[in-house]
Every structure is written in structure tokens, then in C-alpha cells.
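A quick write-up on the structure given underneath.
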Amino acid sequence: MSHGDSNPAAVPHAADDIQGDDRWMSQHNRFVSDCKDKEPDVLFVGDSMVQLLQQYEIWRELFSPLHALNFWIGGDTTGHVLWRLKNGELENIKPKVIVVWVGTNNYGNTAEEVAGGIEAIVRLINTQQPQAKVIVLGLLPRGEKPNPLRQKNAKVNHLLKASLPKLPNVQLLDVDAGFVHSDGTISYHDMFDFLHLTGGAYAKICKPLHELIMQLLEETPEEKRAALA
């Protein structure tokens, strides 16, 4: 598997300001500011898959009560998230759980490179936030019909199942709620554009995620000490 500077998916870099309005950097700066003003117990980091989660009622129902922050930027790749985390989005906070969901936008990378990029994110979190338990969400299938990107995302998940157990304080959560039907298609009822999830689909994946987060929060030393007091 590709690691370090030899892996382009593991090289931190800011997104190019293609449209010319500097929105990507503005969003990053807002997240850095949030780190100075808020005290999250749970931090979500990733791309538009994380972004849209915050737009549905399931976020307010399950995650807002956990003092969660959502550091999303649509279109982000592993390299973009690495850059953001290296440049302030992990400073001045001490979350107990960090959820990472990124990789489906790494179109130009191999499965090995994408998995290596996700591992690099986990290693960075381990270094900068050693107290945090990390949850990596598996990449979902995409496209209405079978296609190479589906196959690549599945391979990324397979690679992560083998590699992540070797890293501390991290586990992979498969959140595919059977989105691919027996005929190989994905319904727009689950993914409205055959990539991004509908509210109903988020409800399916968030229940096991919420259960795992609650389990990890209860396992933190602070919670244990409080229970013994």
C-alpha cells in the first residue's frame, strides 16, 4: 500500500480555487474559528457525505446532543482533509471521538492510494489527538449501475479492514445498508443522485453509527472516572 510522499493521496494540499471566490479557504477558516469557540465531544470530518448529514433532522436528533461539530467541505479528497487537519482544525479542541468519512472524491487515485490517504489521516489524528477514538466510515457504492468507482470503493474498504486494526484507537464501520439491489442497481430513494444519501438513507446508516459513538464515549477515561465517583 502507498504511504507518505510517494502516495499522492497522502500529501496534504489545499483545494485549488477554481471558481475564484475562495469559498474553500473561507470554510476552513470558519472551522478553525469554531475550534477556538467550541468544545466538541464528537468531531465529524470529511466531504459532502458528512456535509449533507448535518442538513437532516437525524443530525439534530442523534448528534447535536453529543456536542458534535461537523467540519465538511464538499468535493474534498483525502489530501484536502489532511491539509485542513494540519492547519488548525485539530487545535484548541479535545474531542473524545472523531468520525472520518472521505475518499469517494479521490477519482484519480488507485484504491491502494486512497486507503493510504485515509490511513495518513488516522495517523495524524493519533498524533495530534491521542485521546480520541477514531471511527472511519467505509466508502459507499456509487452510480445507479455497476461501475469501476464502485469496485474501487469496495477495494478501499477491503484494504482498510486489513490495515486499520494495526493503528491505535481506530475502527472501521461499514455503513452500507444494502444500498445495492439484487439486480446491481442503486435506487434514487436511497441516493437521490446515485451518490449522495437521502434523509431516509441517512437514518439507516446513522443508527449503528450513533450506537458506536455512544459506546466509545462511555469507554473514555473521563466517563469511567465519573462512573466510579
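Each residue, glycine too, has its Cβ placed from N, Cα and C.
Quick look at what Swiss-Prot annotates:
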type	residues	note
ACT_SITE	S48	active site
ACT_SITE	D193	active site
ACT_SITE	H196	active site
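Annotated features taken from Swiss-Prot, shown on the structure.
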residue	record	CB count, 10 Å
S48	active site	19
D193	active site	10
H196	active site	17
Any idea what the Cα distance is from H196 (active site) over to S48 (active site), rounded to a whole Å?
8
